[in-house]
Amino acid sequence: MKTLIENIIVDGEQTDMIIEDGRIKAFLNESSKEGYDKIIDGKCYTALPGLVDVHVHFRDPGQEAKETIETGSKAAAAGGFTSVLAMANTKPVIDNVERLESQIKRNEENGVIKVGQIAAISADLTGKEVGPIEELADAGAAAFSNDGHGLQSAKTMYEAQLAIKAAGKVLSAHIEDDDLVDGGVMNAGDRADKLGLPGMNSLSESSQLARDLMMVRQTRCSYHVAHISTKESVDLVRQAKKEGLPVTAEVSPHHLFLDETDIISDDPMFKMNPPLRSREDRLALVAGLLDGTIDMVATDHAPHQAHEKQGSMCGCAFGIVGLETAFPLMYTRFVASGLVDLQTLLKWMVKNPIAVFGLKDAGELKVGDSADLTLIDLTEEFEIDAKDFYSKGKNSPFIGESVFGRVKKTMVDGNIVFEQ
Ligand SMILES: NC(=O)N[C@@H](CC(=O)O)C(=O)O
Ligand SMILES: [Zn+2]
Ligand SMILES: [Zn+2]
């Protein structure tokens, strides 16, 4: 299979790209159109290496009404992603070798992009004891996480770090002290008080992170902070990096662009875990991303059915979708606004995720690399509309927002997996 993409922008230059047998064969300026199986008019769209998201929830098996591997991966492709890591909090949880092997096969069969599988740290995410980490790593676990629940037991966290370090994998930590959360539905503070909603103390994140980092000093386990949300957590990661600890962090777009002051009424679209924090927290996250304390952006794509995101924040589900809004939001707010260049955004959304999680993705558009890429019209402005979502989840607080950067086509191994 030989494909020619004409007139695309790569690194700021207009070019043609030849793809053969799933790989980038050459960049040419004047190519003859003979001998191709497919010719695509790139219309001067910008070609970027496929985006990578190390934190998504595809709900399959068990909650297919919220999302499936197929719909979730189609949403990812529509968002410009060619590679994601799926969390283990499906029903049942991916916590043993048999389930992991079957899930890896299902991800491959049903996913239109590359879907790596994260395995659970503990059986059923209870945190009581550490699961068979070595066997799961040998069976192909992309990383380990207890996402959905914090590990309340220090002993479980300590033993998990030792086992994950021995297996040479990354521990992606959902940090949450249940006692301090105490049934809250949004960040504790003035806003929660005003709305009369139960608050979650932000120390529920940072205090558990401090505990975990004390352990990393000893275990040297590669420890990745999932969905970091507080200023204190950013300070702790910054300090840990200064010390040379193997610590990394991801932030989700919603924690960069929204804070508790955006919650003007009891609205389920603003309920997620961790919650939107204070403005000060949000600005610390932006600063942490800009200074390299936070390594990457991850969506924490958490689809739910419409009826699960209705009524009061007290009764509804935690989580929002993010795969189809992440790139345009990040591009609009960080690149189009002039804060950073496109290369920096690609560091956050491609290069660092690949490097930290040791993924096999090329992450670049170079001759010889696999043709995992996305073609984007960076100049097209559009309104985020749930009707356009491929995800079954329409639960986004960004609906109605005007953004730049429309994904036009996404290719995995040279095959088109999304076309607008
Ligand atoms: N982020 C959320 O609010 N929800 C996630 C779980 C999680 O990421 O902790 C989910 O699975 O729905
Ligand atoms: Zn989580
Ligand atoms: Zn999550």
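Any Cβ shown, glycine's included, is placed from N, Cα and C.
Just so you know, TrEMBL annotations never went through curation; they're auto-generated.
Keep in mind that this is a model prediction, so the values were computed, not measured.
ASN89 is the residue from ASN29, ASN89 that TrEMBL records in the substrate site together with HIS57, PHE58, ARG59, ASN273, HIS304, PHE318, GLY319. Residues HIS55, HIS57, ASP147 are given by TrEMBL as Zn(2+) 1 binders; from ASP295, ASP300, ASP341, ASP361, that same site also lists ASP300. Most other Cβ atoms within 10 A: among the recorded positions ASP147, ASP300, that distinction falls to ASP300. DSSP classifies HIS55 (Zn(2+) 1 binding site) as strand under the three-state reduction. The shortest Cα-Cα distance from HIS57 (Zn(2+) 1 binding site) to any of the recorded positions (HIS174, HIS227, ASN273, ASP300, HIS304) is found for ASP300. As a whole-number mean, the pLDDT of the domain 'Dihydroorotase catalytic' (48-233) in this prediction is 98. By neighbour count, meaning other C-beta atoms within 10 Å, the densest spot among the binding-site residues PHE58, PHE318 is PHE58.
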